[in-house]
């Protein structure tokens with residue numbers, strides 16, 4: 001099998017290996033149709049021997065293979081099966097098959113340099129029994145010139161697209177079928193197979209985490225959770241090929257493609273464009289020229305197909321876009337996966353489990369000194385697999401993150417990190433557990449330099465970071481809280497122990513010995529922000545509770561900032577200071593009004609604000625500090641359908657939107673998509689005047705019956721993150 005095609009793409013050898021690296025599923029070698037054993041006698045006629053006339057793959061969605069292997073939803077004409085589970089093919093010969101004298105076997109090949117010991121060349125002899133989880137074939141039916149075979153693939157085999165040949169032995173050489181791409185077979189991970197590393201034992205979870213092609217992204221912030229749908233579209237046309245191409249792009253050796261740990265690790269790097277020209281270019285600066293604003297995407301399909309055809313990074317993404325595309329990749333290959341949102345996520349630049357917020361002498365935040373940022377939310381993925389590389393007990397959900405935040409082994413990637421290891425503080429286990437541990441467990445430390453240069457800690461907040469971690473519930477659109485999968489109850493003995501374990505394993509935790517920390521304990525300060533729709537005025541309320549018998553005055557500063565959802569401030573739009581008189585044993589509340597004219601001109605993507613309040617108690621010199629992020633309500637799109645909704649028949653969909661702002665919206669883009677109902681459609685509108693309603697009607701022909709989801713987005717410079725969705729029940733024709 002070592003004959004290789006002498007094309008001009010011949011790879012360079014590097015002197016260390018006999019064959020070049022085999023890391024493209026796309027490349028092929030030439031396989032001889034006649035492999036002679038020596039000199040062929042003159043009278044030899046191949047037609048005298050058993051000859052293959054046709055091969056039937058039973059590859060239609062309604063046929064046995066795709067039904068049994070849960071691959072009937074893939075919009076792909078070829079056979080797609082899952083590993084470690086038998087599938088059937090039929091071979092038609094030129095005459096009846098005689099087992100006593102005829103000898104034939106199957107050959108599955110992948111890549112340019114097939115080798116048996118690498119699992120890239122798989123010869124299969126026909127036997128009498130199939131062993132679970134091992135390559136084999138047996139005849140289950142004989143009729144006239146045809147035989148039907150049941151073929152078992154290995155539960156650990158390479159995941160990808162294999163070429164199939166049937167070889168027949170003759171005394172003078174081996175006769176093979178010619179190359180026929182119609183018999184190509186995709187082999188995927190199999191969460192239904194107990195021997196597979198991604199085996200998941202709950203059918204409802206498999207339906208959600210492998211077969212559901214739409215999901216929900218939770219965003220907003222901890223005080224105002226927002227949700228939007230995302231179309232994963234893992235079964236759409238060409239998506240499977242695009243996902244296999246990502247592994248070629250990452251140059252993952254074919255022999256490593258049966259291992260979900262390796263696949264997740266290289267995919268978390270190739271999903272972002274940093275350092276490898278991967279799928280999505282991130283942009284967090286509110287400038288999206290020459291690209292699509294992250295908030296405008298409604299799903300992964302357009303992004304993956306654009307990358308597959310252009311081979312250039314698609315612009316632009318932010319965390320939920322990276323996570324949405326990563327989820328599509330994982331589910332498409334058969335690895336159970338879900339999208340996670342961590343509210344108040346720490347992006348800790350020096351991994352010391354401490355978000356340092358520095359105040360100046362006035363008690364205001366020193367933006368030059370403060371490097372760490374708290375993201376309102378951050379999305380990543382969990383993938384389900386065993387971890388034979390770790391001690392027992394660390395399999396199950398693994399964190400993988402395609403958003404480029406920090407480098408790991410020299411590349412922007414993160415994971416897989418065991419969720420169980422993070423919970424218990426066992427952050428010594430690969431990969432990147434300390435970084436994820438910090439994202440969900442850091443403390444916020446407010447400190448300022450005293451006049452004599454000592455660092456004075458004004459406040460330590462141990463509960464703000466990672467206070468809520470969520471994902472979409474199984475089988476519904478609701479929210480499922482999974483915070484306790486990542487951490488023990490705040491303040492419990494177990495939580496302290498996990499922290500000490502993490503510190504023991506090298507997570508840096510700065511001590512507070514060299515700094516003085518004596519907070520003011522007899523006065524509490526609280527911050528409340530009114531919820532309003534974008535474009536309205538609102539108020540911020542600061543409440544003091546004086547629990548002592550003393551009379552205090554507090555010099556109070558409020559700073560309002562427009563922030564990116566990553567917690568990075570764009571600019572301060574509101575400064576307000578006042579003196580508060582605090583009577584003994586009483587509460588007093590102070591309102592500050594924020595006018596829409598103060599914030600509208602600078603508003604960013606997600607309409608996020610961040611308020612800091614610091615108050616100095618004049619009598620003691622102590623400082624109280626608190627902060628709160630808030631998001632404005634953004635109007636939604638309305639989607640309606642008219643007439644009957646039947647698979648294969650034209651239906652009508654209308655999208656409506658009313659502009660709530662006191663300004664005209666310009667250059668507005670609408671997009672809508674729905675897996676199985678309609679491919680992404682886009683429309684541009686020049687202007688939408690204030691308070692006026694836009695209507696867009698489209699016609700489409702749904703492909704598949706069942707419960708489907710339509711997802712729409714509206715985007716323009718003044719207003720982003722406008723979404724709408726509708727569940728539609730498509731009837732059978």
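Cβ coordinates come from backbone N, Cα and C, glycine included.
Annotated features, as they stand in TrEMBL:
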- 319: active site (ACT_SITE)
- 378: active site (ACT_SITE)
- 401: active site (ACT_SITE)
- 441, 443, 490, 495: Ca(2+) binding site (BINDING)
- 311-404: domain 'Transglutaminase-like' (DOMAIN)
- 1-30: region 'Disordered' (REGION)
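Over the domain 'Transglutaminase-like' (311-404), the average per-residue pLDDT in this prediction is 90. For the Ca(2+) site, the Cβ centre of 441, 443, 490, 495 serves as reference, and the other residues of the chain with Cβ at most 8 Å from it are 462, 463, 465, 466, 487, 491, 499.
Comparing the recorded positions 401, 443, 490, 495 by how many other C-beta atoms lie within 10 angstroms of each C-beta, the top residue is 401.
Shown for the domain 'Transglutaminase-like' (311-404): DSSP residue counts in helix, strand and coil, namely 15 helix, 41 strand, 38 coil. Comparing C-alpha positions, residue 490 (Ca(2+) binding site) sits nearest to 378 among the active-site residues 319, 378, 401. Under a cutoff of 8 A between CB atoms, and with a sequence separation of 6+ in the same chain, the neighbours of residue 441 (Ca(2+) binding site) are 346, 353, 465, 466, 487, 499, 502.
Closest to residue 495 (Ca(2+) binding site) by Cα-Cα distance, out of the active-site residues 319, 378, 401, is 378. Among the active-site residues listed here, namely 319, 378, 401, 378 has its C-alpha nearest to that of residue 443 (Ca(2+) binding site). Applying an 8 A CB threshold to same-chain residues 6+ apart, the list for residue 378 (active site) reads 319, 341, 342, 345, 347, 403, 439.
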